[in-house]
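Chemist: This is the structure, below, for whatever I ask next.
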Amino acid sequence: MADSHGGQPARRSTRAASGSACCWALPTALLCAYGFFCSVRPSEPFLTRYLLGPHKNLSETQVFNEIYPVWTYSYLALLFPVFLATDYLRYKPVVLLQGLSLIVTWFLLLYAQGLRAIQLLEFFYGMGTATDIAYYSYIYSVVDINLYQKVTSYCRSATLVGYTVGSVSGQALVSVAGWSLFSLNVISLTSISIAFATAWFLPMPQKSLFFHHLSSQRLSCEMKVMDCKNGAAVQDHPDVQRAPGWEDETKVPLNGEGHSAEKQRQKVDIVKVLKDLWRDFLQCCSSRTMLCWSVWWALSTCGYFQVINYAQGLWEMVLPSHSTDIYNGAVEAASTLLGAVAVVVVGHIKTSWAMWGEVALALFSFLIAAAVYVMDTVPNMWVCYASYVIFRIIYMMLITIATFQIATNLSVERYALVFGVNTFIALALQTLLTVIVVDASGLGLDIFTQFMIYASYFAAISLVFLVSGICSIVEAYRRQEQVQSRSPESQ
């Protein structure tokens, strides 16, 4: 009898632990499946070739100067509304919107004809890109804080594996099996449709970062957060076990049937949320380190988007695909995998980023500028490919370091805010650059001149941070000398 009564608490504890594990495992598995299938797009590395080929029969000027800029404009226009709507609607509806946007994109890519139709396609692709934030933030609303690091690594790995599988399979089907690019787009549409169907089974969250809280108290514990979009993870403060508003998932139903949760939820006040966001943003900007790394993030991401958006166009001009085999898929896969390795390696580098960070940014930004310059000036396809891989590896490594520095001692809310603002500024700059350099209504420059400007852009970033870094080091040494000179006097 004693054994029987003594075993009941243990059994209850086991059931509770099992229920808790199930509560986070199911939405994580579903979200990872969504991320994987959404990223398996074997046709994407060959998009430019497809648009210029007989399937669409568009001219180079139409593709580079009239179609591709639409993505930048739509992404910028939709980013802030989507950022707020994602939190207000509690993630899942926006995840579904992303899947639907990508389905429309690839359906138009298969069957639409003409300049206006392909421009509409780019708009929906911009919507799909803007709603990507829902994928990376959904999981934090349905799992406990001490699981953030684990689930973030799972979700990020799913997209990386999916993108790699898509690139490698696309390359194999084109080079070995001789499949048409139309067939690759059919596979991409099928994979995205599977992802969309999977998203319907995601549980509806009861909480979100800004608009919906399960209690009146805000999440006050400071946590270390790293950017899941760029290959990093989320790490909690070691003292954090539970925070107000993030109750145990075994007590919070995810299907919307919890009446107590409905009673506790705060009344949504959009004006108040916007005021809080603005106040938090100003506080974040008061840190020189935060400001420095955020400026680099915004500036470099602007240039990065431009290079990856038009790299296929440059490759097409260096070596037209109709005259030879191309290996865009293999190059994209290699750059993704090597970039992921660089991200892991940089996480183990121990150095004083506060002292040498700006100089490091200057040095590596110069290497990025050199890689883009070589891509533009050396008329050899393999050199162009290699330079592109180096470019992506360095950027992924630096953006991870920037994430470390920005996210240190930030709460999830503030990190999401800083990330959103940095991305918005990057897109605003990219839009300005696109209007002036790329768009047919602006200068409408050819692809080689564009890449020369991008190389000069990164060189200017390098110069700015080199000057700033040298000034910071000199100032730090002067403060150190002043402290040392005062020490003997005080003795």
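In case you wondered, yes, glycine gets a Cβ from its N, Cα and C as well.
Whatever TrEMBL says is automated annotation, not expert-curated.
Sharing the record's features from TrEMBL:
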TRANSMEM  21-42  transmembrane segment
TRANSMEM  67-86  transmembrane segment
TRANSMEM  93-111  transmembrane segment
TRANSMEM  123-143  transmembrane segment
TRANSMEM  155-174  transmembrane segment
TRANSMEM  180-202  transmembrane segment
TRANSMEM  289-306  transmembrane segment
TRANSMEM  326-346  transmembrane segment
TRANSMEM  353-373  transmembrane segment
TRANSMEM  385-404  transmembrane segment
TRANSMEM  416-437  transmembrane segment
TRANSMEM  457-477  transmembrane segment
Chemist: Can you see whether the transmembrane segment (67-86) and the transmembrane segment (385-404) are touching - at least 3 CB pairs under 8 angstroms, only pairs 6 or more apart in sequence?
Modeler: no
Chemist: Counting only pairs at least 6 apart in sequence, do the transmembrane segment (326-346) and the transmembrane segment (155-174) share 3+ Cβ pairs under 8 Å?
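Modeler: Checked: the transmembrane segment (326-346) vs the transmembrane segment (155-174), in contact.
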Chemist: May I ask for the residues of the chain that lie six or more residues beyond the transmembrane segment (353-373) and have a Cβ under 8 Å from a Cβ within it?
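Modeler: Sequence-distant neighbours of the transmembrane segment (353-373): 289, 292-293, 296, 300, 303, 307, 387-388, 390-391, 394-395, 397-398, 401, 404-405, 451-452, 454-459, 461-466, 468-470, 472-473, 476.
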Chemist: Check the transmembrane segment (289-306) against the transmembrane segment (21-42) for contact, please; criterion is three or more CB pairs under 8 Å, pairs 6 or more apart in sequence.
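Modeler: When sequence-distant Cβ pairs are counted, the transmembrane segment (21-42) does not touch the transmembrane segment (289-306), since fewer than 3 lie under 8 Å.
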Chemist: Is the count of Cβ pairs under 8 Å between the transmembrane segment (155-174) and the transmembrane segment (416-437), pairs 6 or more apart in sequence, 3 or more?
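Modeler: By the criterion, they do not touch.
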